[in-house]
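K.L.:
Before I ask anything, here is the structure I am working with.
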Amino acid sequence: MSISPLKCPCLLQRSRGKIEANRQKALARRAEKLLAEQHQKPAQSKQGPSQNLPRDPSKSGSHGIFFKQQNPSSSSHGDQRPQNPHSFSPNTSEQAKGMWQRPEEMPTACPSYRPPNQVTVAGISPPLANSPPGVPSQQLWGCELGQGHPQASLETQSTPFANTTHEPLAKVKNFQETAASSCGQPPRDPELEARMARPSTSGQNISGSVMPRTEGRLQQKAGTPLHRVVGSQQGRCIRNGERFQVKIGYNEALIAVFKSLPSRSYDPATKTWNFSMTDYGPLMKAAQRLPGITLQPLEGAEGHMESPSTSSGIIAKTGLPAAPSLAFVKGQCVLISRARFEADISYSEDLIALFKQMDSRKYDVKTRKWSFLLEEYSKLMERVRGLPQVQLDPLPKTLTLFRAQLQKTSLSPVADIPEADLSRVDSKLVSSLLPFQRAGVNFAIAQRGRLLLADDMGLGKTIQAICIAAYYRKEWPLLVVVPSSVRFTWEQAFCRWLPSLNPLDINVVVTGKDRLTDGLVNIVSFDLLSKLEKQLKPPFKVVIIDESHFLKNIKTARCRAAMPLLKVAKRVILLSGTPAMSRPAELYTQILAVRPTFFPQFHAFGLRYCGAKRQPWGWDYSGSSNLGELKLLLEEAVMLRRLKGDVLSQLPAKQARWWWSPQARSTPGPEPPWMPPPRMTTKDKTKQQQKEALILFFNRTAEAKIPSIIEYILDLLESGREKFLVFAHHKVVLDAITKELERKRVQHIRIDGSTSSADRETSASSFSCPRALRGVLSITAANMGLTFSSADLVVFGELFWNPGVLMQAEDRVHRIGQLSSVSIHYLVARGTADDYLWPLIQEKIKVLGEAGLSETNFSEMTEATDYFSKDSKQQKIYNLFQKSFEEDGNDMELLEAAESFDPGSQDTGDKLDESTLTGSPVKKKRFEFFDNWDSFTSPL
């Protein structure tokens, strides 16, 4: 019968003794091995008191100095970092034994501290001096628990340490707190200790027990490099004007660096930090010392990096970035007038001393900037280069090319320009130029035919452009690119101002099938230019671009088609009343067209004049900077701009022009439906039937002109016209204009026959406010009793046979309080009723003028001479118009017909129904209309 060793007390006691003896032998061997390793290593310095963090054992879950013994196999997978050189380790076996029994003899992090009484912990036997090699560098009595303090566990209950009483543990706790206070450490933070007590999976300490998560972060903050970095973070710096932004993921050590910089600013929306450029150098140097952090530097920001001699010492001591150096300053030179420039730069004592050596120096107390004459520019820049801590950016190369010219010229860019010889140009055109227009032609010729003519609207850019192009007539054929709504207006302008030019030599491109090079003068729209790009070879030598701001976006098809043509053309004449609608970036394409060598790259232009800022998605050029310098550059070599207020004394009070509508020309096939019906000239028809056919012809003309009217209004809106009036007669035209403005979300008012008196006054008052507003008005309902002097442009979409009504409508703008010259535009369509109404209006105005009853003379103010050839058929229709409108009551019949006209009730393509011409309008309705008409024609 065998006896189980577990049931026999004697065998159990002997087994325990053998196990304990073997364990002690193993511990002794490991301790000897550890001592041998320690003898091979050089002596290490002791850790300073600022590195020690005391911990309350009661809060950490341990029992004072107890530790968990680990299996050697498991400890091999722990952290492979080197042992802390600042921790204490015994050099001899005697020291190892004494550190457990005589704590007052143990070297601590506070060498000056001597415990008042000897503390001996009961239950600790000498064999424990041979402690496991996993914890030789731990100060069990000191303050370095954060460097891998051994944690207690339930497995230690079977060891002799379990018999330790609570009284010695209290003494040990008091001893640790006393030692911590004597080292000058701050009081404990319970929240920090609670975080330290939590286990972390980021790594293990040397003994194999879990290291708190806070430990690694504290080491990074203290400047102690880690041997192994778990992961890495990459980011970049983004320039944002005078500041820069850091885009990187969260890192506690990097956040601590951010908070130490004085110019820090945190954006909660984007969750990013940004700083002043003065802190760029310290931040980059501090980031380089953080393990696992990689920041991509700014482009061209080497000047903001500090020298190692000024910052390396501070960073080496604290591990944080040093204060920014105040010795380094950066700025730029900016042109402020045609003779002076200023230095826009921060304060520097050496630089101020240099400024005071300049003879032409001036200091502006308001702006706190120094300015100098351009003649001292080279001298100043040469001396500034000798200052090592100063970076003063020079003027752009483009401005330096004109430095001598800027110094010699006067304040006005056209004052000293010599008179051009215009003997080769038609005398009619030269004699018609106003003085300021002649100065504009001289400026263009002085610029060798390349300029941006940006005169205000109504100052005669068209006649100046034709005169400039005629000066270079030997270099024709000429290409004229215009909005589609004014193609035929330009055709008539060439015919009027250049009598020597054969009208057959003028080629107006209407469709994509037309040839672009068939004429000596070729007129094409922006949209068709992109479709006829293949016909631009060989290129034109002389090019006119009307409304050149249409090319402001380099990405559009019209701009891509026009820019190569303009760069190779010898003469480029750009016309625009509003060259830039909202920001300087819109000027770049026009500057590039006139002067391709000024700013070949847009980025250089954007940095200088658009306040370019780098954003996460790219560069933002929507801002503005150095606008005064840009204005001087444009006036000197690119642009000529005069406002109405500058030349008001040379302008007439009211200028009337007519604009052609291409609607009738662009319609293929047989006669369009708005052509005069054949029955209008038939003698066997009654007078009433002829009148009704005339009314139908007038109504269909209104419907046919709608697309051209809307196209012209849209061109005005795109040109930046904020306030203008549009007059029309038919309700269908007023509805179409209003609908288009609503679709474009353009603020406007409307006054017609259905508008009440109260609403009329409200609309007129709202139109006088400063905001952008357009007016859609009826010729007969809004030609009296209203004031719209805040506008200076009137557009007549339709004609009216009574010139007195038209003059009254014009005077809604040309009234007392009008400080500008008023422009009147009449939209006339060839091949419609306008062919007969326009000469009729001129004839009546001429008669009134001879009698002294009218100051307006359409024949002199417009280009309506020989508007149509009076063949037999047209002469009969003209006589019918003239005779019909001279009879009493016919005005009211025509007004009533126009008011009741419904384009949907009759197909304009159907033949005229004779049955509709037999009856007259109902008298009751006519009387009601008379009552309504009297309410609008009676004086207020």
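Any Cβ shown, glycine's included, is placed from N, Cα and C.
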K.L.:
Identify the region 'Mediates interaction with RPA2' range according to Swiss-Prot, selecting from 11-36, 271-296, 609-634, 843-868.
P.N.:
11-36
K.L.:
Checking feature assignment: motif 'DESH box' per Swiss-Prot, candidates 546-549, 870-873, 902-905. Which range matches?
P.N.:
546-549
K.L.:
Pick from 662-682, 746-766: which range has region 'Disordered' per Swiss-Prot?
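P.N.:
Residues 662-682 are the ones Swiss-Prot records as region 'Disordered'.
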K.L.:
For the region 'Mediates interaction with RPA2' entry in Swiss-Prot, name the matching range from 2-36, 317-351, 492-526.
P.N.:
2-36
K.L.:
With helix taken as DSSP H, G or I, strand as E or B and everything else coil, how many residues of the region 'Mediates interaction with RPA2' (11-36) land in each class?
P.N.:
26 helix, 0 strand, 0 coil
K.L.:
Just give the helix, strand and coil counts over the domain 'HARP 2' (325-396), going by DSSP.
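P.N.:
Helix/strand/coil tally for the domain 'HARP 2' (325-396): 18 helix, 25 strand, 29 coil.
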